[in-house]
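Colleague: Look at TrEMBL and you will find 12-32, 53-72, 92-110, 174-196, 208-226 tagged as transmembrane segment. The feature domain 'TLC' is assigned by TrEMBL to 44-246.
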Amino acid sequence: MDTNTKLIFSTVFTSFLTFQLLFYFISFWFSAKVSPGFNSLSFEKKIEWNSRVGSTCHSLVVGLFGLYILIFDEVAKADPLWGDSSLVKVNISIASGYLISDLLILILYWKVIGDKYFIIHHCTALYAYHFVLGDGVLAYIGNFRLLAELSSPFVNQRWFFEALKYPKFSKANVINGVLMTAVFFIVRIVSIPPFYGYIYSVFGTEAYIRLGFLIQFSWIFTCAILDGMNVMWMIKITKGCIKVISLLRQEKAKSSLQNGKLD
């Protein structure tokens, strides 16, 4: 086993172990310290809470690291198809370790947090990542896709507020909801046209042909699945955001009317 392969396996294993420890031990202790309401949650809520703490930590690590790589890693930028970046491999190894850990947790606690869409998402992402880690191709593309994780902390925070029974119209809840919708749209939806535009621009080139049919097909197929799910989630998030804003306006109008009568 060469040094590069050892680095990948050790990073994946360390990431897997870290997120397992986070789920089973660290989150219980940390959450009870920072949020008094955590102890009053049901067992089922605590399981999902700990799962989402892991999701948030993973998203911040790989999302911010991915942003750094996108800006500063010349190896990945110089050749998006064949640039074999060590930094990208580390980032994707961290993501892979998390996905394996989360898949195991989803299966073990299926009745509590099982979701077929997450299974599809995780398995599809792992399949795509193995080409980057195993064949050293599409490093820039793989890292670019990881930037989508920057929206997850806001999605998880919405759930935390709901679990702690924060009022829907509380300032924190509304601000997080708007930010969640905006960030999700920017990192998961706005990126779709230029991404497929890039695929079109390299289609048929020598570098693209060298990838081989399996990688070509897998690249486009897996991204299409993930983007289809992103569009589906975006529609749901947008509907929820519009509903909350509409209700908030109704509440304000109702309050203004009552105040007017009192005057």
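A Cβ is built for glycine as well, from the same backbone N, Cα and C atoms used for every other residue.
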Colleague: Which residues of the same chain, at least 6 past either end of the transmembrane segment (92-110), have a Cβ under 8 Å from a Cβ in it?
Modeller: 7-8, 11-20, 23, 47, 51, 54-55, 58, 61-62, 65, 118-119, 122-123, 125-126, 129, 132-133, 142-143, 146, 149
Colleague: As a test of reading the model: what is the averaged pLDDT for the domain 'TLC' (44-246)?
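Modeller: Across the residues of the domain 'TLC' (44-246) the model's pLDDT averages 95 on the 0 to 100 scale.
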